[in-house]
Each structure stands twice: as structure tokens, then as C-alpha cells.
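In what follows, a single structure is set out as C-alpha cells and then discussed.
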Amino acid sequence: MTNPDSPSLSLTPPEALSPAEARAELERLASRIAELDDAYYRDDAPLVTDADYDALRQRNAEIERLFPDAILKNSPANRVGTAPSSAFAKIRHRVPMLSLDNVFDTEEFAEFCARARRFLNLPASPRFVAEPKIDGLSISLTYENGILTRAATRGDGMEGEDVTANVRTLRDVPQTLHGEAPAFIEIRGEVFMSKAAFLELNETQARLGQKIFANPRNAAAGSLRQLDASVTANRPLALFAYAQGESSAPVAETHWDYLTRLKDWGFVVNPLSQLIEDENAAAAFTTRIAAGRSTLPYDIDGVVFKIDDLSLQRRLGFVGRAPRWATAWKFPAEQATTVLEKIDIQVGRTGALTPVAHLQAVNVGGVLVTRATLHNEDEIARKDVREGDTVILQRAGDVIPQIVSVVLEKRPDGARPFAPLEHCPVCGSLAIRPPGEVVRRCTGGLTCEAQVVERLIHMVSRPAFDIDGLGEKSILEFHRDGLVSGPADIFRLPAREDEIARRDGWGSLSARNLSQAIEARRSIPFDRFLYALGIRRIGETNARLLARHYGSFTEWRTQMLAARQIGSDERLALGSITGIGPTIAEELVDFFAEPRNIDTLDELAGMLTITAPSGGLSSAALDSPLNGKIIVFTGTLQAMTRPEAKARAESMGAKVTDSVSKKTDFVVTGADAGSKAKKAAELGIRTLSEEEWLALAGGG
């Protein structure tokens, strides 16, 4: 298991990230999660605990929620498992074997229920089936005319490994279904090993001098994924059946009835499965199962809740890698008590000041922990955390362990409340907490050493200077070795071409190509230059708005210097620019309030030719008539609920908003459409009837 104190894990809360940092963090998370998936699903050798893995996925999901424009094509949210091993033949699942989203408490489960109700427009939550979440290996079994013909692991969710010969050796897998069954059906289940069988297997392995398994899940996965089926036959594997894939004919109208059919066909279904009538019953069931967890003969890590009505499951469908009609209520991680020795301030690459607790080393859930995130100064004040306190630590819900509470009776005399820093501990610039925000930020921007690398990477990115051959890796190397310490140094690199050519991995041709690429970017449109500065909240769209409003770099600089004066005409004008507003205006004023930012800005601008703003927006070829459009729904739709319509529109690339503005492209009007339809008419925005919407969206 890896140590969560590894510096590769960011301590910066998602809400404190800039768009550039969010993209970089999502790329790191995608790479790390893929690595962990390979280790878990393909190699049967997990590198981190389940709680740490869930926390990584939670962090990824939260960053994607806050920064939808930064979502990667290979997002872990759209991926399950890992590619099948080349040692096995591949079998494609007719119905993908997707994963489940997680909840960790009653509040999150209530929100899961509320989302389903809103999507389906139901007055109350539907009935659920609850099943203990077995910690094993998912399997798909194909039966044709009642006879087992194929068995495949989950793999990457779309394609799994052919383990048919091995599965035939499992006692819990019927070779022929008992009674009547569809001509073709896929049955899903979980292969696992009991705790007693696991201990017995490891004793045998040790006696024979063979591999010792880390836990029952690893033992089950390793036993099933044997190239020699006779090895699998001698391993004590079991299976609980729990779901259906493709079927040539309907089997049941409810999931509960389907479980009954599985038992009729000869499968073992977890006897603890239960019908659940409401959210209170779900919470009670989870509490009861968690309390008896240690007494069960097999490992579980939570409870799975599925909406019982299969017709509702079909209506709800899927989002990303998970169904909307099911969730896994994961059990909480372990807690431990330790002493908070010091509160340190970490400055993130976007200037966010994040407090970090340095702890006396303590073992939590099998991992030695020495640090924990404190998130922000409000969180410290809310929990009244002080240096010297004895604290309760928990490793659930975040990549870095969290302090849950303080043991007040053990507080030492003289322990002082935390006092927020007013200046950056790295560069000394003013640290400002904008109104309405929880994060304090360094205003050093272009000059703070903690931020400079991220700023430089952002500066050379495609929407900014777009310097070919100068990416993140080169920036990191050049900064490490002293070739680049600030933005203007980028344009001094051609003068050091010979030095770069002598570097490992470069050579004369590469160095010359880099010099030419840099020289080609000495002329840049004003809007791209603005974006390249990396000022918080100044993305591509806002950079265009500002560039078009001020017209030139010189005019913008003059106006911004004047806008530093509270109440000045220039400051009022800045906040009144359409699409900018007071929050973004404050970011610009804060940037120009730091003299070193102005010096760095002038130094960079002096090396460039900053031309007029670029023309219209660039966009990819449209895959559908809705791609890139802004849509508002109003009134009652007949063919689908509002959430279903929104999901349809978003799946085709549209953005759905709740209010009509000049930016709105279409307003879809259902029955009893109200003020939104009227406003659309006033603004001259095209309205669509439900029939026209369905035609545009590809039918009902």
C-alpha cells in the first residue's frame, strides 16, 4: 500500500484550483487511477486501500463538477476497470459491466434518492433492494438454451477476459439452468473467497513455499484468473449472483423477482438481500449490516441499493460509468487519535494558501499518517483546531486524511487559536481573501516562486502562446535548471540555443526548432496575451471580452492602473463590462495592486508585439445541431421529464441553463410555458415546441 503522505497527492481543495490547475490535476488523477485500476483488476495487487481509491475518484468527480470545461476524454468517470490481460482471449459484453457511484452517509444517500425522484418526477422514493457489497471479482456468465457457454471478467467494462474453463470448476455456477429460461441470457455475479477459506489457502501456500495472498479479494481474483483451470478447481471459490445483462426475453418486472428467478435456476443469492421501502429503512439496514460486518464469513465493504422496479431502471439509464438507479453505500474508514504538532501553510500553484496539519505519526487503516489537510481557515475556526491539540483523524472522503474533531479535554494550556497569514509565506506578497470565498490567495501571481511553474505551463499552452515543443516537461526542466524563472525568460531562450542543444534529449535540431517556435510567437493577439497571463477567472471567454472592450494592451494597462483607485470611473467601468462583473473586476484590481506583477507584465510585453484582438470564436466541427448550443426548457413536457430532456440535450453537446438571456440559442416550450417563453419572444430567441425539440434531438 502506498503512503498517502506522498507529495504527488495534492493538498489543494478542488474549489481553490484555477482552470489550468484543474486540468493538470485531472490529468494526474486519470493517470493515477488508471495505474491503480491496472494493479487491482489486471494484476490482482492493489496499491492503495479501497478508501484511498474511492477518495481519488471523489476528488476527480468534484473537480469535474467545478470545472466541466476541463473534463478529459479519458476521464475515469467514464471508465471501468482496465483492459483485459493479453494472456486471455477477450469477450465483449453485450451489456457493459459498469461500476457504481458511492455514498458515505445518510445525507448523500438522501441526495441519491432525490436525484432519482427529480429525474422520474415521482412524489416519493421508489422501493429498493439492498444487497451486501461483496469484495470480490465481478463475472458475467452467458447461457444459451440453458447451457453455460461463456464466462468473462469485467475487464474494462466493455470487454473482459475469457475465463470460461476456470468458471466451469466453481460449485456455485450451474452448468445448466434449472427450469425454463430465455434462449440467451447474461447473468452477473461476484466471485469471492470466504475468510476461513482464505486463511486455509494461505496456510497451504506457505507450506508449499508458494505465493501468499494479501487478502481474500486478491486470492479470489488470482485463483480465477489462472491459465491452468485445474489450479482454479483446487481453490475454494464461491459466487453470489446479483444482476442480469443481455436477455432474449423478459425475466421479471422487478429486481427482487429477478433474484428469485436466479435462485430457481440454481444460483446462490446473498441471503442478507432485502426489500427496502424507504430511506429510513435503508439507513437502518446499512447500520445493522455494518455492525455485524466482522461476524460475516466473507468480506464486504458496503451495501448496494438498487431501485426495484426494472422499468424505472430503464428510464433512469446511466451517466458516465455508473447507473442512476443504483449506488453503493460504503462503510466509513477507520479513525485514530494523535497530536497536531504544527499548522503549516502550503502555497498552491494558483496562489491558494492551504493550511496543513503536521501530526505525530499514527497508523490509520493500515497506513502511517503524518499530515492532514485542514482545507481553509473557516474550517479551522469551525473545529477550533490548535497546535498541540489531540485530534481524531479519519481517512474517508478525501485523498489526504482529515481531522474530524478535537479532544478538548486534552488541550494543553496556552494553546492559541490559529491566526490567518496576511502575507504569502513564499514571496511575501499580500495574501487576500476575496469576499464570499473560503480560500486566501497570494497576489504575487507572476512572481511567486510557488506559482511560477504553473503560470509558465499555462502561458505556453495552446490557447495562450501555443509554443510548439515547449510543454510541461520542458518547462519543469528549464525552471529546475535555472533557464526559466519568469515569463520573459521564455523569450530569452533563443539566445541560449547552444546551451539547450547540449542538454540531454535535445540536440542542435531540436534546440533550433524551439528557438524558431518561440520567435514565431513574439507577435500575439491581445486576447491570447491576456489569457496567457493566467490571472484568476480570466479564461478564454473573459479575455476576449476584455480585449474587445479595451482594444489594445496599452489602453487596458492604463485603465487597470487607474482602476486600482476605489470609486474611480475606470473601476466602475470595469465592473460594468457585459460578462465581467464585480468579482472578475476584483481579480484584475488585485493583480495590478501588486507592483511586482506590473514589473513582470511590462518586462514581458516589452519583448512582444501585441496585436489587435483575434476574430471570432474557434470551434470544432459540430457533430449534432445541438452541439455548443445553450438551451432553456420551460413548461411541462409530455414525452419525457425535465431531467430526461436535460440529459438528452447534454449528451448531444448542448448546455442547459435555467434562465433566458441573450446568449440562449433555443427555448423549448412545453405545456403551460410561462415567463421564460415570453422573455424569449422579447429577446428574439427561437422557441421550439416539444415536437420540434424531439425532431432536433433525434426522436422521443
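Glycine residues also receive a Cβ, built from the backbone N, Cα and C atoms like all the rest.
Note on Swiss-Prot: of 1-22, 375-396, 507-528, the range annotated with the feature region 'Disordered' is 1-22. Local packing around the Cβ, expressed as the count of other Cβ atoms within 10 angstroms, is greatest for D52 among the binding-site residues D52, D54. If you measure from the Cα atom of D52 (NAD(+) binding site) to that of K133 (active site, N6-AMP-lysine intermediate), you get 18 Å. Listed in chain order, the extra residues whose Cβ falls within 8 Å of the Cβ center of the Zn(2+) site residues C424, C427, C442, C448 are V347, G351, H423, P425, V426, G428, S429, A431, T443, G444, T447, E449, A450, Q451. With respect to D54 (NAD(+) binding site), the closest of these recorded positions in Cα terms is K133, chosen from K133, C424, C427, C442, C448. With respect to K133 (active site, N6-AMP-lysine intermediate), the closest of these binding-site residues in Cα terms is K306, chosen from R154, K306, C427. Sequence-distant neighbours of C448 (Zn(2+) binding site) (same chain, 6+ residues apart, CB-CB distance under 8 A): V347, G351, C424, V426, C427, S429, C442.
Other C-beta atoms found within 10 angstroms of the C-beta of C427 (Zn(2+) binding site) number 21, with every protein chain shown included.
Look at C448 (Zn(2+) binding site): DSSP puts it in coil.
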